[in-house]
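Peer 1: Sharing a structure below in structure tokens format, with a few things to ask.
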Amino acid sequence: MASHVDLLTELQLLEKVPTLERLRAAQKRRAQQLKKWAQYEQDLQHRKRKHERKRSTGGRRKKVSFEASVALLEASLRNDAEEVRYFLKNKVSPDLCNEDGLTALHQCCIDNFEEIVKLLLSHGANVNAKDNELWTPLHAAATCGHINLVKILVQYGADLLAVNSDGNMPYDLCEDEPTLDVIETCMAYQGITQEKINEMRAAPEQQMISDIHCMIAAGQDLDWVDAQGATLLHIAGANGYLRAAELLLDHGVRVDVKDWDGWEPLHAAAFWGQMQMAELLVSHGASLSARTSMDEMPIDLCEEEEFKVLLLELKHKHDVIMKSQLRHKSSLSRRTSSAGSRGKVVRRASLSDRTNLYRKEYEGEAILWQQRSASEDQRNSTYNGDIRETRTDQENKDPNPRLEKPVLLSEFPTKIPHSDMDMPVENGLRAPVSTYQYALCNGDVWKVHEVPDYSMAYGNPGVADATPSWSGYKEQSPQTLLELKRQRAAAKLLSHPFLSTHLGSGVSRTGEGSSEGKAPLIGGRTSPYSSNGTSVYYTVTSGDPPLLKFKAPIEEMEEKVHGCCRIS
């Protein structure tokens, strides 16, 4: 049929033609319209018959439907016990799970739906079902602190030693004290010991080590990858299986293999916080600068600050070693022998071997220090023995030796310093006019009288010596420790060198032409002072000795006590 534009054009032309021609054109257009209408009616009847034929045959209707696992989980999430019971009666498995491995029993243990938990367990649900992270329903109930569900799960045989991917058991995750008491009571009732707990924790790693040994024996490639591109070293690194990783590294597996996301084993260890594993991988050449498909380095995947600090230290040490190797390159570095690089030897050593090596070094150092300390103690003991022998000799020596030949005072050197005496004396000594008091080593006071009681020639054999013999002192053996200390203090007082410097201070010059050969001694010695029966003498003309201050009593002082003066 002609279009509308064609009809308008034809009408303009028909106005100019005769009437007969316009009539013929109108009839022609009417015939075309009738033919078009007949065709439309025919098509309409055909569609009606076709629709009636479909209805008579009973065609299926389209509708929305869901998988049984989705429907069961959705009903459990809504706590719809009737619908769950309907699914279970229609032979729907209670162990159906979603893409995360989560079952209806997991979901009900999280939401504390006790009725549906009992319903699922009564229809044979697996009480130890594990999701993708190896969590069991008991893990979920213990973590949430649902003590009623924990009791039900234990009654149906829940595994108290089930270990998830993080190496945690249900009692490790439980923070609710009553729930934890129930779990520990059940563990004690089942006879679970710490040895069993440690054995169960190490079971996954031990199984992996066994599988690796089987692969080695069969000659299989240890760099085998799974559907996600992960190798055995990826798995060991993510789970922290140190022994399995050391076994793989000892057999030369690559540490730079990437999975489909561009992750190396070091990335996995960093993401899951396996610090020792990261140190092991770095020591075997893993790169701390490796990047994933998302342009992430291992340190970017860490969540713990302590782990980040460790990785930064490892990176710094690695950079220092590389710079030192580049700086100290020599002809020896081009050798192919094993002595070419010590860093390679350390890098290929296992963590346990290096720990044993450090322990041996510490033991050797401790032995060396013990030997050095023993030698120092021996030297000190020898030195102390010599000091004791010297002290014993000094104590046994007579502090007042007798002159074999009588010696007068005039025989001593006459050129001596000027003294502070009130009046000079010739060839002798005199006591000062004033009275002096001297503090001795035991706190007593020694008085020197103004007028001497007697005078005698120094060393005159005709006059009885006022000094008692040292043998008499030795015969008076000490009976107590106090007396022994006092005797030692008295002996050291006599042997102190300070006395010899004051001996001639009170002696005046004598005339060279003196006719007297006498050597009178005026107050040459004081009356004896005795601390424990032993006489001790002091020459009064030795000048004014300094006043020595000592602490009393003598028992509280050390043995190193010095007297105020000495007779030479």
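Each residue, glycine too, has its Cβ placed from N, Cα and C.
Among the features that Swiss-Prot reports, phosphoserine is placed at Ser69, Ser333, Ser337, Ser350, Ser477. For 100-129, the entry in Swiss-Prot reads repeat 'ANK 1'. The repeat 'ANK 2' annotation in Swiss-Prot covers 133-162. Here Swiss-Prot flags 228-257 as repeat 'ANK 3'. Swiss-Prot lists 261-290 with the feature repeat 'ANK 4'. The feature region 'Disordered' is assigned by Swiss-Prot to 327-346, 373-404, 504-525. The compositional bias 'Basic and acidic residues' annotation in Swiss-Prot covers 386-404. Summarising the annotation, Swiss-Prot assigns repeat 'ANK 5' to 531-560. Sequence annotations record features per position, and here Swiss-Prot assigns S-farnesyl cysteine to Cys565 based on similarity to another entry.
Would you situate these features in the structure and describe their surroundings?
Peer 2: Taking a C-beta cut-off of under 8 angstroms and a sequence separation of 6 or more, Ser69 (phosphoserine) has the following same-chain neighbours: Leu96, Cys97, Asn98. Classification of Ser69 (phosphoserine) by DSSP places it within a helix.
Tertiary proximity for the repeat 'ANK 1' (100-129) is limited to same-chain residues at least six positions away from its ends with a CB under 8 Å from its CB atoms, namely 72-73, 76-77, 79, 81, 84-85, 88, 94, 135-138, 140-141, 144, 146, 148-149, 152-153, 156-159, 162.
Confidence over the repeat 'ANK 2' (133-162), given as mean pLDDT on the 0 to 100 scale, stands at 94.
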